[in-house]
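Peer 1: Before anything else, here's the structure in question.
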Amino acid sequence: MGAFTFKHSFFGSFVECSGVLQTVFIFLLIPCCLADKRAPPLIPNVPLLWVWNAPTEFCIGGTNQPLDMSFFSIVGTPRKNITGQSITLYYVDRLGYYPYIDPHTGAIVHGGLPQLMNLQQHLRKSRQDILFYMPTDSVGLAVIDWEEWRPTWTRNWRPKDIYRNKSIELVKSQHPQYNHSYAVAVAKRDFERTGKAFMLETLKLGKSLRPSSLWGYYLFPDCYNTHFTKPNYDGHCPPIELQRNNDLQWLWNDSTALYPSVYLTSRVRSSQNGALYVRNRVHESIRVSKLMDDKNPLPIYVYIRLVFTDQTTTFLELDDLVHSVGEIVPLGVSGIIIWGSLSLTRSLVSCIGLENYMKGTLLPYLINVTLAAKMCGQVLCKNQGICTRKDWNTNTYLHLNATNFDIELQQNGKFVVHGKPSLEDLQEFSKNFHCSCYTNVACKDRLDVHNVRSVNVCTANNICIDAVLNFPSLDDDDEPPITDDTSQNQDSISDITSSAPPSSHILPKDLSWCLFLLSIFSQHWKYLL
């Protein structure tokens, strides 16, 4: 999988502070380290939820059998009129009377503008649609996919500026005495007020009717970091977009999940720019998830595609999976949703091509990162949280060590992983990652990984690590083994760990980034005395 480097923080004049001040600052900063919370898993013992949301239900593979989707905890199709799924995707024609202007024909649908559609009429129809697509209240994901206009006026740039132009025309037709500047201001106010009402009241209705599902809007939050052609692209989200996301606090307050998207274009194929793009978008989603309450963050389910957005018949290569999935997992999200269109399943040939891609490239990699992440969470967090990067903006990945492990596709079509982790593998976890504890759980990083005596973790379809470890013991206070409940009564035996190389510059404890902050304080403390 290639070598991945780890960037480390350079410490400045930390020694300028007295020992007492260092101690005081450390104690002040420790709570900020321990406050890095994540939402608990939707399904117990499934810290990383894999969701398949593509129309493959009629696909037949090379063995004349349906595609094997057993790896995914939730499988659903975005086809219309399919009801009672664990993931429900509401397009513009499936939830109420969403007002928009058809981007292809220019046709006005339901008034075209939120100012011109009766909200109560929309909500009555939305109620019917929710009860139709979700006949029972069960645990699942409810995603509203409204992309035609954005609730933030300024973000409706070309070609969505038609909503701004039509809104201005509406105000001028109603109030011809207004000058242009005032008409624009009124149009902005009216558009944002009614757009907010449409999105917010629809969200509240969904939560009231089906409270067990996690409700949110697809592509929210976004950070518009697609400036790939700029020199020295680093993937950062423009500061103005962070502020605009802050201004959507009303939306985050009533969402029960976030559904950002990190679809890749061929412009970043096999390029580090793809990793930077994904990394920063996910990091912004994590920031937004904590705006309302950093101790009770919203769960985040990231949408990905298996193909490029501008080349819908070209599958992502392994490098691109590393730059997407590989970036998402160590940042610490609740799950990943794989979305696909009919282009994946338009013929028998395309179905067989998808099956071959899944068996040869996709599933081995997903198994890799899933078990690595779960093992890290068990070893370092005792299953009370998930492993996340100590420094989010580095190339450290939760991968198996290719020297110690091998994922094999057996003749029966099932995967098995051979090998077991070395002490060095577990030490890599401790060097590069720390625990982000689940909400309302007090956990801390395990530092004595040499005392780990066994690992036991599984994927949802029971591809398991069940290994007894025989590391030299440095202490007599060995702890009992930690087990994964999902591995009970399973026959598969496998092992996995991280592939990030060791670095002598990484601090041996999980306070490295806090100490970095401390170093900043130390450099400026003398000016405060």
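Glycine is treated like the rest: Cβ placed from N, Cα and C.
Per Swiss-Prot, the feature active site, proton donor maps to E147; the stated evidence is similarity to another entry. What Swiss-Prot records for 487-502 is compositional bias 'Polar residues'. Feature annotation from Swiss-Prot assigns disulfide bond to C59-C351, C223-C237, C376-C387, C381-C435, C437-C464; the stated evidence is similarity to another entry. Annotation comment: Swiss-Prot describes N81, N165, N179, N253, N368, N401 as N-linked glycosylation site. The GPI-anchor amidated serine annotation in Swiss-Prot covers S492 and is backed by sequence analysis. Here Swiss-Prot flags 478-502 as region 'Disordered'. The signal peptide annotation in Swiss-Prot covers 1-35.
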Peer 1: Can you grab the distance from C464 (disulfide bond) over to C376 (disulfide bond)? Cα atoms, rounded to a whole Å.
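Peer 2: The Cα atom of C464 (disulfide bond) is 14 Å away from the Cα atom of C376 (disulfide bond).
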Peer 1: A 10 Å Cβ contact count, applied to the glycosylation sites N165, N368: which residue has the minimum?
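Peer 2: It is N165 that, of the glycosylation sites N165, N368, has the fewest other Cβ atoms within 10 Å.
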Peer 1: Among the glycosylation sites N81, N179, N253, N401, point out the residue whose Cβ has the most other Cβ atoms within 10 Å, with all shown protein chains included in the count.
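Peer 2: For the glycosylation sites N81, N179, N253, N401, the Cβ with the most other Cβ atoms within 10 Å is N401.
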Peer 1: Rank aside, I only need the closest one: which of the recorded positions N179, C376, C387, C437 has its C-alpha nearest to that of N401 (N-linked glycosylation site)?
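Peer 2: Comparing Cα positions, the candidate nearest N401 (N-linked glycosylation site) turns out to be C376.
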Peer 1: Whole-number Å distance between the CA of C435 (disulfide bond) and the CA of N165 (N-linked glycosylation site)?
Peer 2: 49
Peer 1: Do you know offhand how many angstrom separate C59 (disulfide bond) and C437 (disulfide bond) by C-alpha?
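Peer 2: With distance taken Cα to Cα, C437 (disulfide bond) is 40 Å from C59 (disulfide bond).
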Peer 1: Rounded to an integer, what is the Cα-Cα distance in Å between C351 (disulfide bond) and N81 (N-linked glycosylation site)?
Peer 2: 22
Peer 1: Please classify the secondary structure at C223 (disulfide bond) using three-state DSSP.
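Peer 2: Coil, per DSSP.
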Peer 1: How many whole Å apart are the CA atoms of N179 (N-linked glycosylation site) and C237 (disulfide bond)?
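Peer 2: Distance between the two Cα atoms comes out at 35 Å.
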Peer 1: Closest of the recorded positions to N81 (N-linked glycosylation site), Cα to Cα, picking from N165, C223, C387?
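Peer 2: In terms of Cα distance, N81 (N-linked glycosylation site) lies closest to C223.
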Peer 1: Long-range same-chain neighbours of C387 (disulfide bond), Cβ under 8 Å, sequence gap at least 6?
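Peer 2: Long-range Cβ contacts: P330, G332, A373, C376, G377, L380, C381, L398, F429, F433, H434, C435, S436.
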Peer 1: Starting from each candidate's C-beta and looking 10 angstroms out, tell me which of the disulfide-bonded residues C223, C237, C376, C435, C437 has the most other C-beta atoms.
Peer 2: C376
Peer 1: Can you tell me which of the recorded positions N165, C223, C237, C437 is spatially closest to N368 (N-linked glycosylation site)? Compare CA atoms only.
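Peer 2: Closest by Cα distance to N368 (N-linked glycosylation site) among the recorded positions N165, C223, C237, C437: C437.
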Peer 1: Return the count of C-beta atoms lying within 10 angstroms of the C-beta of C464 (disulfide bond), excluding that atom itself.
Peer 2: 25
